[in-house]
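Colleague: Attaching a single structure in structure tokens format; questions to follow.
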Amino acid sequence: MVATKPPVRVRADESGIAAAAEVIARGGTVAVPTETVYGLAARADSADAVAGIYRAKGRPDFNPLIVHVPDVAAAEQLATFDARARLLAEAFWPGALTMVLPRRGDAVLAAAVSAGLPTVALRCPAHGAMQALLRVTGLALAAPSANRSGGVSPTTADHVAASLGGRVDLIIDGGATEQGLESTIVGLRDDGTWAVLRPGPITADAIARVLGDAVEAMTSDARGIEAPGQLASHYAPGKPVRLGAQVAEPGEFHIGFGAVAGDISLSTSGDLAEAAARLYACLHAAADAEDARIAVAPIPEQGIGIAINDRLRRAAA
Ligand code: TXA
Ligand code: MG
């Protein structure tokens, strides 16, 4: 049964967080802003609650979820931290870095969270609302992006409501998210190698700098099942998408960048951080436009532009 009534919305204040914590405690789902995108949160220790996430998203159940924790101490209850994980946590937590680590045997996590993998993806988010929800509930929270599976990730509460409607029990409205692109996922392997499994706001170069002499241990390949969520077709706005477009063709809604004006611009000044923050809002706007197709201006393949182009390629696939 899928609910059709509009979801309840609350503000990201004390009473809103308290209401959300109650929903979480009884195994419900809450859409909550993070510094990257809105997440669809449920308690990670309950198989029923986690099933609620998969149901609301319509997500294939081989795709594991990111588990959010308030701090490193909570993360260490769930996964084995080696020296590299400690360095990365010190450098980037709280923030937009997710680490895939060996799951502890005694971790109190529903099996479905990591979809049968021996690892778990952990993130300590920086956003006040998500931090408050983690602390008030005292629980680790599984939270994928709060959109129907395969769709464009939400950066506002309106995006969540449009995508999930009554499938989510409660939405915490904290305004537009700051960074706008999902966290970087780094896999730290037992053999000492590591790989960026999903590019994001924290670049591979920044990670390599922190890991120092482990730079040569970086491998560009994600090995098979390592990043099962990285399907080619993802972030799909529901229309054909053409990339690298300096000029739009008839029937195309043009997303510009820098000198390429377009119908709407990711950043008129050519600022990549602004472009990242606006990417999904622009894709949502393009999806809602009357034009049958979408064209996107070229984006430089540097810094967070790498993550922007990764998402655009998937949107175009
Ligand atoms: O910024 C973000 O990371 C947002 C916010 C809400 O925190 N969350 C997010 O979650 O993007 P989601 O579920 O949409 O993306 C999870 C990704 C998927 O690509 C999945 O394959 C990967 O993380 N993942 C999760 N657990 C994994 C594991 N044990 N090994 C490898 N990849 C894993
Ligand atoms: Mg997602």
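Note: Cβ is positioned from N, Cα and C throughout, glycine not excepted.
Sharing the feature lines straight out of TrEMBL:
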- 14-202: domain 'YrdC-like' (DOMAIN)
- Thr36, His68, Arg123, Ala143, Ser183: L-threonine binding site (BINDING)
- Arg59, Asn63, Thr119, Ser145, Ser153, Arg198, Tyr235: ATP binding site (BINDING)
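Mind running through what each feature is packed against?
Modeller: Secondary structure at Ser183 (L-threonine binding site), taken from DSSP and collapsed to helix, strand or coil, is coil.
Annotation note: Thr119 (ATP binding site) sits in a strand segment as assigned by DSSP. Take the CB of Thr119 (ATP binding site) and look out to 10 A: across all protein chains shown you find 20 other CB atoms.
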Colleague: Would you mind sorting out which binding-site residues among Thr119, Ala143, Ser145, Ser183, Tyr235 put a C-beta under 6 angstroms from ligand 1?
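Modeller: Checked binding-site residues vs ligand 1; flagged Thr119, Ala143, Ser145, Ser183.
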Colleague: Can you tell me how many other Cβ atoms are located within 10 Å of the Cβ belonging to Arg59 (ATP binding site)?
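Modeller: Summing over all protein chains shown, Arg59 (ATP binding site) has 19 other Cβ atoms within 10 Å.
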Colleague: Count, for each of the binding-site residues Thr36, Asn63, Ser145, Ser153, Ser183, the other C-beta atoms lying within 10 angstroms of its own C-beta, and report the residue with the smallest count.
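Modeller: Fewest other Cβ atoms within 10 Å, among the binding-site residues Thr36, Asn63, Ser145, Ser153, Ser183, is found for Asn63.
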Colleague: Just give me the nearest neighbour of Arg59 (ATP binding site) among the binding-site residues Thr36, His68, Ala143, Cα to Cα.
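Modeller: Closest candidate to Arg59 (ATP binding site), judged by Cα separation, is Ala143.
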Colleague: What does DSSP assign Ala143 (L-threonine binding site), in three states?
Modeller: coil
Colleague: By the DSSP assignment reduced to helix, strand and coil, which category contains Arg198 (ATP binding site)?
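Modeller: In the DSSP reduction, Arg198 (ATP binding site) maps to strand.
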